[in-house]
Amino acid sequence: NVPENSRGPFPQQLVRIRSDKDNDIPIRYSITGVGADQPPMEVFNIDSMSGRMYVTRPMDREERASYHLRAHAVDMNGNKVENPIDLYIYVIDMNDNRPEFINQVYNGSVDEGSKPGTYVMTVTANDADDSTTANGMVRYRIVTQTPQSPSQNMFTINSETGDIVTVAAGLDREKVQQYTVIVQATDMEGNLNYGLSNTATAIITVTDVNDNPPEFTTSTFAGEVPENRIETVVANLTVMDRDQPHSPNWNAVYRIISGDPSGHFSVRTDPVTNEGMVTVVKAVDYELNRAFMLTI
């Protein structure tokens, strides 16, 4: 085993290979394989006389986690005196990589009025260190939430999966339309004293639901009806609706409940202003009807 990022000095001895016959005859040792005579070349070398094997430079586990070499022993004439042996060299991981979020900004949404426990989004960070050790085990936490309304803890995050869910009631789009949540990922199983960390931003948009009825701006509207004319707007009814403008939750639909038994009027919705346009659709005779009291 070789720890990565060793400071040396190099070359640094790893093992010594010896043949049982080296007391009887001179032996020459060599190694072959990736890291010796195959790229990357000469990461490892061996003293041909003593059999001492060395690493010549710092290792990087994230570049290569292990090496498989073969050691050979021959006599002075090049004749094999031992069968080649396999050498497996494993690079020991060090915590030298921070967790890296897949995205720096995540966008998610949640309906206003959602119950605690409602899923919002998932954030993910990867760590290049060994995931079977604490060096590569990432844990998540929420650092800040802006705004802190109606509570400073409107959301929580699963420390292992990165799933963000609501944890408190009170999401109201008409009060807070968007939250900015700073999320931190820390390796060493979330140990803030020893682990390496990184942060990302989660933008959570509170989506509108139809939780506000339209309200007339006044209880009485007045208008004048021209005699014997149709397709004329005689009154504009104004309403206020706190739901998201120009959404289905905001668009008003007007209906005449009473006061127009003969069907002289209809109320159409202005798609821009949401006003109700009281329109003459059947000609009115002044001599028969001098006034109408419509309930809408």
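The count begins at 1 with the first shown residue.
Quick reminder: no glycine exception, Cβ is built from N, Cα and C everywhere.
Some features that Swiss-Prot has for this protein:
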TOPO_DOM  1-296  topological domain 'Extracellular'
DOMAIN    1-101  domain 'Cadherin 1'
DOMAIN    102-216  domain 'Cadherin 2'
CARBOHYD  Asn107  N-linked glycosylation site
DOMAIN    217-296  domain 'Cadherin 3'
CARBOHYD  Asn236  N-linked glycosylation site
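Counting every protein chain shown, the number of other Cβ atoms lying within 10 Å of the Cβ of Asn236 (N-linked glycosylation site) is 13.
In the predicted structure, the domain 'Cadherin 3' (217-296) carries a mean pLDDT of 94. In the shown protein chains, 11 other C-beta atoms lie within 10 A of the C-beta of Asn107 (N-linked glycosylation site). Cα-Cα distance from Asn107 (N-linked glycosylation site) to Asn236 (N-linked glycosylation site): 40 Å (rounded to the nearest whole number). Broken down with DSSP, the domain 'Cadherin 3' (217-296) shows 0 helix, 20 strand, 60 coil.
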